[in-house]
Amino acid sequence: MTLFAIENLSVDVPGRRLLDGITLNLPEGQVIALIGHNGSGKSTLLKVLARQVAADGRIAFEGRPLSDWRPRDYARRLAFLPQTTPPAEGMLVRELVALGRYPWHGALGRFGPRDHEAVAAAMQECGVEPFADRLVDTLSGGERQRVWLAMMVAQQAGTLLLDEPISALDIAHQVEVLALIRRMCHDQQRSAVIVLHDVNMAARFCDHIVALKRGRLAMQGSPAELIRPDALHAIYGLPMQVLMKDDGTPVAVPA
Amino acid sequence: MMTPTRLWLPLSAALAAGLWLVAAMQALPWAEWPGLPMRPEAMSLDQILLGFGLMPRGVIALFAGAALGLSGAILQAVLRNPVADPTTLGISSGAQLALVLATILAPELLAQGRWPVAMTGAGLAAGLVLAIGARRAFAPVTMVIAGMLVGMTAAAIAAAATLAQGQYLLSLVIWNGGSLVQQDWSGVRVLALVLLLGGLGAAALARPLRVLSLGAEGASGLGMNVAAVRLAAVALAVWIAASVSAELGMVGFVGLAAPALARTLGARDMMQVLALAPLIGALILSVCDGAVLLVAGTSGEMFPTGALTGLLGGPLLIWLLPRLRGSTPPGTEAAEGPAPRLARPGRLLAALAAGLFAAVVALVWIGRVPGGWAVLDWQSFRDFLPMRLPRLVAAASAGAALAVAGAILQRLTANPLASPEVLGVSGGASLGFAAVIFAAPAPSALMLNAGTMAGAVLALALVAAFASRREMPAERILLAGIAVSALASSVLSAIMAVGDARAWAILGWLSGSSSAVGLGGALGLAAVSLLLWASALAARRWLGLLPLGAGIAGGLGLPLRTARLALILLAGVATGAATVFVGPLSFVGLMAPHLARRLGLARPEHHVTGAALIGAGLMLAADFGARMAGFPYELPLGLFASLIGAPWLIWMMMRAGR
């Protein structure tokens, strides 16, 4: 099944073309990484998929054109986390996670038993129960990122879009957060599209990698297909060497 | 430089010269013009009027415009802020306030000339705004919001002082509008000197400023003393602007327009902007003054040119807004440290409500009589109730409405400085009021109310149209509101410059009055406030999501455009209703939501409710103060509220954003 069917997608800002004629199908039920150099358009593509940026071209999500979805229906099927999470002034962890129920109850609907269940399950799944009654802004970076993930989980969406979710974390928390995302997807048949800077993290935690270069699709495939010196050279324009770890997974380093 | 420059500059110069010549020819045919050197004793009256009135006026327009353009260009360069200028940073208002206060409190200070006084006021205002800006990494939009707030506060205090002194200060009202009328060549000589010294200083600072355009870290990495260069450049710009203020009064927005136009005409480099801005500034002011001369003729030459440049400034600021790029580094608009959070906010809210009720009862019961205080017995209580209750109910309702509007706007923009005073609604309301005063010979209260509401709605529609045009960051919406306020206040100063009884009626209303309200009006206002509070509660989930930004709120399926429009409309109606009663400046809409938050009311529904109760209480306190402080005379209510609010506001901004 196709998650996103993208056809001839372009995004222009005055004086520059950010995305240029991208045609691409993203598969369902997989963890997909978007990689590329700075300014390659990977974040823009993610924002287009999240309907945060307007674009020319045709995009269908789960077989329906993007423009046909009503905002709350879309949010029930798809959750988006921007690169910089805003300060949640004066908000408790429990309250922030509960905001993920907005697509279900709307502005005036009752916060019912199903909403309570979804919030409790999301907090458990992301392991944020221990600090449920603390202020979000007092948490450490890794804890806070898990809280925002819990909010997305409470949304009960089948698809997660994440824009560089690990860019502000140390390496231990990077692994922790990506492992959590991977587990969430594989255990619950969710799909995820993640913008990542680190090609080795992408290879280790993702099933499918899409590489952009200067606003165009450079290549896509499994980690094994992309973590090769010639492919990486084509994507980043830099000679790369691929080493093998003991367990057989490849690791790319600048040559 | 680009071709448009070559085309536009000579064209505008020709236009300015032509306008002035037409005015001069009307005054005196060319054949009778005085020859050089001009000797007054040998000249006719018309020749003197031309040689010592119209001629220096034409020259001073050029010099003042050039000086303001230079000042604006320096400020924009040193602050790396394309919307900085002496008006938007509160510098001109500071000079104005200092002059008003000196005229009232210590006229002997002015014996040394207006310049030192104006300079002190301008310097203090600039220092205050820069101190606020320094705590927020000089983020351009924050700086301008702080500057405009300081300017509005200064204007409020100046209005209070003017009102207290009656006719005595009428000349200052004219001065506020920036009249270019001249009696001799002395002003020209002073400004020529200022322009010369300022130009030399700017030339000396040009290279350091260019290095500074890399940013503070980059510049100090290149071995520059960043603080010294910043101080020198700001001091130079403030000195130039204060000199113009002392000589001519408030000539708004030339310093904003000139560098902006210079950039539009193709000046890419900072040096080119510094060189071109004075030229363009001179032409702008010249053309404006020429237009004033043409329209008003020599007879109505008291119409201040500064009011006309102010009229251009508001739209210009709005036009510039979408062109601001990357102006606000993330996090710089955040509030000060974590506010506390109550575990049981219900108790606090109940206590506030009980306190409010007790205050209303107590305020009806006690009052000041000649020679002391009096607690009413039962009979007098019943007699006084119909007199005192309406104004208490109206004051409390207006305070609550403003507070709800403020809470909505602060949550909508995630900016603790947002308030209805800033959204331009109050300014629009004042314009509506003024329009009715001038259009109808003897306007009834109903007509005045309708006019005020219409003005508020119009200003609101303007800001809302701007906000809905595209995905606009919330603080830009705020700045659009400020631009509308600036436009309104310049129109008002133009109206006031006429200086007859109607101007005093407006000035009186501007400072807010609660004495005229009847029971019907008070209950109506109370009903409006209750309705607004209920609507805000209904929108509580929007109010909880919106502070998290467009990314999160939109990702959760919140209809951003609808929600923003609805909330802006709600805030606008609340402000319009309250403004009819308390006048446009009270700062209750700023203070009450902030106080509620600091008291630990975190969730939207508690925050809004607490803010409404606190706002009502603040306005009751202001009403009590206004009635008691000057007994047996009543001070204007809104004025009293703003005198409480202004120091609070400045204190809050000084400690915000750590």
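Cβ atoms here come from the backbone N, Cα and C positions, even for glycine.
Those TrEMBL annotations? Automatic predictions, nothing curated.
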Worksheet entry | Which range of B:24-44, B:87-107 is transmembrane segment, per TrEMBL | B:87-107
Response to the item:
Across B:48-75, B:87-107, B:221-242, B:566-590, the most C-beta pairs under 8 Å with the transmembrane segment (B:273-296) come from B:48-75
Fill in: the transmembrane segment (B:446-465) touching the transmembrane segment (B:48-75) per 3+ Cβ pairs under 8 Å rule
no
Discussion item. Below 8 angstroms Cβ to Cβ, which residues of this chain, lying six or more residues outside the transmembrane segment (B:221-242), approach it?
Written reply: 67-68, 70-72, 74-75, 77-79, 86, 91-92, 95, 115, 118-119, 121-123, 126, 130, 194-195, 198, 201-202, 205, 208-209, 211-212, 214, 255
Worksheet item: Restricting to the same chain and to residues at least six past its boundaries, which positions have a Cβ under 8 Å from a Cβ of the transmembrane segment (B:87-107)?
Response: 75, 114, 117-126, 128-129, 143-144, 146-152, 154-155, 157-158, 161-162, 164-165, 168-169, 172, 175-176, 238, 241-242, 245-246, 249-253, 255-256, 310, 313, 317, 486
